[in-house]
Amino acid sequence: MSDQVIIFDTTLRDGEQALSASLTVKEKLQIAYALERLGVDVIEAGFPVSSPGDFESVRTIAQHIKNSRICGLSRAVAKDIDAAAEALKVAEAFRIHTFISTSTVHVQDKLRRSYDDVVEMGVKAVKHARKYTDDVEFSCEDAGRTPIDNLCRMVEAAINAGANTINIPDTVGYTVPGEFGGIVQTLFNRVPNIDKAIISVHCHDDLGMSVANSIAAVQAGARQVEGTINGIGERAGNCSLEEIAMILKTRSEYLGVHTNLKHDEIHRTSKLVSQLCNMPIQSNKAIVGANAFSHSSGIHQDGMLKNKNTYEIMTPESIGLKNQALNLTSRSGRAAVKSHMDEMGYKEDEYNLDTLYADFVKLADRKGQVFDYDLEALMHFANLRDEDDFYKLNYLSVQSGSVMATTSIKLLCGDEEKCEAAVGNGPVDALYQCIYKLTGYDIVLDKFDLTAKGEGEDGLGQADIIANYKGRKYHGTGLATDIIEASGQALLHVINSIHRADQIAEIKQKKVETV
């Protein structure tokens, strides 16, 4: 029987640090549900002490996710650990992940402590975390550049204090596979109580070595791998979990290990993270890139026609990538829509069937044939909308020629419908001028992207924008068969977020004034 490698996902913590705009609690919960379907063992949901938003995200995810263990990050500081425990206590079982720097440069120049102090702080942190849970992970930050004697000492002390998972991060992506595997092997050889903990690795991709280093560590005895979906993360990113998953599956006989992942959920999870994080996947990315299973060379195509095994070491179906058959039309009922959602693995509490069906009927009337990927796109977009949106687009008309475009709109502002028309340098510019006039918000667009979310001329188009308002970044998404309408929805998504933030700020200010 082969050993299990535990999969620890940090998309919602380390991965989110790379984003231009933070994910909402609702978006994080969507990703957490997808990770649960994928079969991830541990989900690091956030860093609770870092902000009220992160605290609420961790608490909400801990409340809803039942089949993956939820973890919260904390520094080796009592208040951090207390905050993590408070956010996680709604879960049936949870993990606290605490860390401290151990490399010479970090200890001397960042912490400005002696190594004795660092070991003592780490031990105290683990013992404090054990008051809340018997599942404690301890990380030696920048372990890849830590003198091996110091690393062995810290690992032994943390295990003695009660840590049952020891994480060895290559924090700055500095090591190479033989070197990193050697570090893990040395720990097994020199730390006397190493058998009392699972050794984990967390590799960054600054030199493009994160996946290779993680595999080298597994070969040396590590039995937990940390990473993110699509490899997103700070700087050059993290170890790509979809790549780790398929390496361990495809080469399981050679490596002698396995995971509990449901590999046919990989493609869908990757797409969701890409969409919600507004981070497109490069076409030649391993496993999930658009070209990952493409064969354009005549020699390769000839071989594939004769025997797929000539050039295909895994199938598209193994990651859940399959051609969607014609599924639904405007004559399909609610039961049919729900049946397709059930078949795709979505739980009833992940979407509102009434909202989804109403959006489905509108789309089916416009394009006739609705596919599973259309339903998924509609569901994700509906989950981004809030019923209490103050601004809603009721009507849109565009006239565009070779020089300028004219747009007229009707915008519901609370209970009042307002009309506006504007001329712009193209239909989107004209539409945005209308919205700016009616809402009164002065917004700077940092990024504007349009992507196809379906197939054919009548497929759905998605608009994604990053906007700057008073120094804060906001991410907006719009979805429609008309890309102009999608662009308007994306801007209104941002403006409604700003409007809600302004309302919250006003309430807080009134509370301060009444004290």
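Glycine too: its Cβ is placed from the backbone N, Cα and C atoms.
According to Swiss-Prot, the features are:
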- D14, H202, H204, N238: Mn(2+) binding site (BINDING)
- 5-267: domain 'Pyruvate carboxyltransferase' (DOMAIN)
- 392-515: region 'Regulatory domain' (REGION)
- Task: Give the residue counts of the region 'Regulatory domain' (392-515) per reduced DSSP state, in the order helix, strand, coil.
- Result: 45 helix, 54 strand, 25 coil
- Item | Which same-chain residues, if any, lie at least 6 apart from D14 (Mn(2+) binding site) yet have Cβ under 8 Å of it | E44, T228, G233, E234, N238
- Count the Cβ atoms, other than its own, that fall within 10 Å of the Cβ of H202 (Mn(2+) binding site), considering every protein chain shown. 28
- Averaging pLDDT over all residues of the region 'Regulatory domain' (392-515) gives 85
- Task: Could you tell me which of these binding-site residues, H204, N238, has the greatest number of Cβ atoms within 10 Å of its own Cβ?
- Result: N238
- Note on the structure: N238 (Mn(2+) binding site) falls, by three-state DSSP, under strand
- Query: In DSSP terms, helix, strand or coil for H204 (Mn(2+) binding site)?
  - Reply: strand
- Query: Setting D14, H202, H204, N238 aside, what same-chain residues sit with their Cβ within 8 Å of the center of the Cβ atoms that define the Mn(2+) site, listed in sequence order?
  - Reply: T10, P169, T171, C203, D205, S210, E226, G227, T228, G233, E234, G237, C239
